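One structure below.
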C-alpha cells in the first residue's frame, strides 16, 4: 500500500573502541550477511562439488582466533548456497573478512545484504477478460494453461482461500520440481493442483534481526500479512462468485490467468524482506521450473552489477523465465523507479472504472465528494457533528494536522469529526488515533503531494478521503467557523467511472537514471482499489486493533499492478510456449493503449494533465491485443549482455553477468539505444555539435506469413525523424526484418519530447513510444 511507514531496522552491534583495543579471544567482530558471487567455472579439480569450494573460500578468510577455543559461529557462516540463476553463497562475515574474500580468485562480486520493501475483481472485466464474452478464447481454459507456473515472491500464501481451489485442474506437470515445505500452520495437504509449491526463506532475515519468534509469526509459507495472498490471487486466482469486501466491490473475483498454477516463495517477514532470501528464492524458483516470476518488491536503485536481484533476474531470463517487478510507490516524484533493468518488466499502477464514493456535507450547505470503504454500525449521515482541524490552511501539512499517535488530545476532539492530513503514518492508523482520542469520524485530506488522487481504505471509524482542492475548502471552513459541523455519507460501489484508466499519483516515475536510453516504466496496469483474496489472520485495515476478518480485501499499490502483468504474461506463455521473455514483454508493450474511456490521452492523477511515457511507459496493458501482437521485438540473452557492454563496466563487473556461457563483448551495439527494445529513447549529448543520432530495430513476424506493414510516426518540435524503410513486407512466419530510425535535431528542447512510432497492417498496430532528450550544453 502507498503509505506504510518505513519500518527502520536497527541492528545494534557492539564492538567497542576498535582503534585502541587489541582483539582478544573474547572479542567478536560484528558480522552481517554478504552475498558472494562465484565464478562456477573456476572451481579447482581438488573439490568434489561447488558448495565445498565456496565454503572453503569463506573459511579461508575468517578471522583467526588467538586461542584454541573454537568459534562455533564459523560453522554457521554460510547461510545459503545459490546454484541456478546465480552461483555462490550468502555468508555472515565481518567487513574485514568480506574485503579479504573479494580479493580471492574465483570471487566475482560481493553484495552487502539489502532490505527490500513491499510495494503495496473488477480488473479482469476492465481489461476485457470477461469469460462470458470471451470470443477470442483468452480464457478458454485449455490444458496448456495448466502447464504455466507463476512463482510469487512475497509474504506467503493463505491456502484456505477459495481463490486457490483446484477443482477441474489437471495433475501437476511432471516437469515441476518444486516442494511443499511445512511449518506452523502449513502442511503438505495445503498444496494442491493450484498451489503447486510453497517455500520459505528466512536465514538472511534471521541473520539481520535475530530468530523469528514462532508465536508472533508463522515460520512457514503461511501468510499472516495478506500481501502475498492478494498478489498470488491476482495472478492466477480461481473464479469465486460473490466475492466482496464488507459488501463493497461485489462480484466474481478471478485472477488474470485462472488456469495457471501458483508457487509461493515467502521472502518477506514482519521486519522486512532481505536480499539474500530473495536471491535464494529466485534461484530456487528457476530450478523448480517456474515460467513467470512475480516480484512486488523494491529496494532502491544501484548499478546493474551491484544489484543482486538484477543479476539473479538476468540468470532467470537466460533460462527462459519472464520476470515482472513493481515500479514502486514513490510517485509522483520523477526518477523514483525501482526494478529498472531492461530484462525485468517494470510495472506502474493505474486506476479502473470502479469507485467507492462517499461525501462530506458541511454545515454551510456545501457537499464534497470523496471515497471510503468504511462499513460499520455507526454512520454520521443523519445529523451534523462538530468538525475540527488542528493544522493551518496550507498545502503542506504541519505536525499538528497529521493525526500521529500521541498528538491528538481528547479534550479537543471528543465527539467531533477530525480533519487529518495524509502523510507519515498509514491512512487507516490516523482513524484509529482519532477513535482512541474520542473522535467520532475523520475526513482524510490530500496534500499537494497527493493531488486529487483518491485511494479507498477499510477504516475502523467513519472516514472519507478527499482530494487536495476539496481539502482546502473544507479546512478553510473549519478554521474560519468556530461552530463548524459536518456529516459523512457512504454510497457503496459505483462502476463506469470516467475518465479511466488514470495513472496513479503514487506510481513511481521515470526516467531510468541508470540508462536514459532504456525507457521505464515499461507499462501500467490496474493498481488502485484492487479486490483479491486475503489472509484469515488479519483485519482488512492491517491494524492489530482490527478484529474484523474477511476473505477478500481491497488494496492499492504497484504491488497490485505487477501481478496483473505477471498473470497476463502467463496467459501469453500458455498460448505461445516458444516465446522468449523478451517476446512476451514486447507483445505487452506494443499493444498497450494510451487513451482512456473518454478517448482522450491517459491522465496523470497527480496533475490531471496528460501523462507521458515516464509515467505510463508504453501505455496501459491490453491482454486481448497482446495475445496477437503481429510483430515482436525479440532480445536474446547475448543482446542484453551487449547492452551491458555499452555501460562502461569493467571486465570484472561484466563477468557478474557472464557466468553461464562465458559471454564476451562482441560490440554489436553502437550504444545502449540500439538494444532491440520495444520502446525507443535517444539522448543527444551535451556537445551541441552532435545533431544526428540513429538507432536500429528488428521485428519478428508472429502474425500471418504474408503481412505488409506501413509506417506512422509522430512529428516532433525539436527533431526530424526519418525511418528506413517505410514499409515492412513479410513473406513468412518467424521472418525478421530490420529498420533504421534517424533523429536530426532542428531545435534543441529544454525538456524531453515524446511521441510514437507505429507499424500498421490493417489488423495490427505495433506501437513503440519514443522519447528524445537533449542534455543541457556544457
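Placement of Cβ uses the backbone N, Cα and C atoms for every residue, glycine included.
Residue ranges 189-211, 212-234, 235-257 are listed, and TrEMBL annotates 212-234 among them as region 'Disordered'. Long-range neighbours of the compositional bias 'Basic and acidic residues' (214-228) within the same chain, counting only residues 6 or more positions beyond its ends whose Cβ lies under 8 Å from a Cβ of the stretch, are 118, 120, 152, 154-159, 181-186, 190, 198-200, 202, 264, 266, 268-270, 296, 534-535, 537-538, 542, 553, 555, 559. In the predicted structure, the domain 'PA' (385-473) carries a mean pLDDT of 89. Listed in sequence order, the residues of the same chain lying 6 or more apart from residue 154 (active site, charge relay system) and placing their CB within less than 8 Å of its CB are 118, 223, 227, 228, 231, 232, 264, 265, 266, 267, 268, 296, 297. Residue 559 (active site, charge relay system) counts 32 other C-beta atoms within 10 Å of its own C-beta, drawing on all protein chains shown. For residue 227 (active site, charge relay system), the number of other Cβ atoms no farther than 10 Å from its own Cβ, over all displayed protein chains, is 28.
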